[in-house]
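Per TrEMBL, signal peptide is recorded for 1-23. The annotation disulfide bond is assigned in TrEMBL to 33-50. Positions annotated as domain 'Cupin type-1' by TrEMBL: 62-212. Among the features that TrEMBL reports, oxalate binding site is placed at 107, 112, 117. Per TrEMBL, Mn(2+) binding site is recorded for 110, 112, 117, 158.
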């Protein structure tokens, strides 16, 4: 095979491999790699400074039995347990949250750019769902009762809404030690600095005064 043709084949194969790849947390190459901000008393493993395993007991968190403060505009609260709360989750690729909802409170439309989520209802009734990607934008939703489970695929916009008349509680697991969260309305109308109102006026087909009002709310 000629050198030029061989090069093009290699480029094509690399592009194909890249298109088939998916992002995820790296698999650990050792039992633990507790995250540490400073390299003092640390070892370098898997590309990160980790606390010496002989010096760590960073695998515990207490408090998910306590309701979160839902006195806010969306009437809900998310208590996170990720690598910031349990340093030992570093490289393990998991985290969890407790979500509290007042009656008719919601966890507004948002995405987790680095994690799939699986949620179970502990108290009350939730209306939940996610929207598939363009061009279908299909809503997949369900009303969940105590003990029901629902999964939200990585990166897709999803939500939960308490349709009951009393406080609701859910627990969710996520497939990343640091899943991240992007609340759609906050990102679009509350960016810093603000997105030019002309962009949002056309994108959402709204009057510019409405866009200015929405931006003033965040």
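Note: Cβ is positioned from N, Cα and C throughout, glycine not excepted.
Counting every protein chain shown, 26 other Cβ atoms lie within 10 Å of the Cβ of residue 107 (oxalate binding site). In this structure, the binding-site residues under consideration are 110, 112, 158, and the one with the smallest number of other Cβ atoms within 10 Å of its Cβ is 110. Looking only at other Cβ atoms within 10 Å, the busiest spot among the disulfide-bonded residues 33, 50 turns out to be 33. Cβ neighbours within 10 Å of residue 117 (oxalate binding site), excluding its own Cβ and spanning all shown chains: 23.
Here the domain 'Cupin type-1' (62-212) returns a mean pLDDT of 97 for the predicted model. Residues 110, 112, 117, 158 make up the record's Mn(2+) site, and a Cβ search at 8 Å around their centroid adds 111, 115, 130, 152, 156, 157, 179, 181 from the same chain. When the binding-site residues 107, 110, 117, 158 are compared by Cα distance to residue 33 (disulfide bond), the shortest distance belongs to 117. Here the Cα atom of residue 107 (oxalate binding site) is found 9 Å from that of residue 158 (Mn(2+) binding site). Geometry remark: residue 117 (oxalate binding site) versus residue 158 (Mn(2+) binding site), CA distance 10 Å. Apart from 107, 112, 117, the residues listed for oxalate, the same chain places the Cβ atoms of 97, 110, 111, 115, 119, 152, 158, 172, 174, 179, 181 within 8 Å of the centroid of those Cβ atoms. Closest in space to residue 50 (disulfide bond), of the binding-site residues given as 110, 112, 158, is 112, taking the CA atom of each residue.
Rounded to the nearest whole angstrom, the C-alpha distance between residue 112 (oxalate binding site) and residue 158 (Mn(2+) binding site) is 9.
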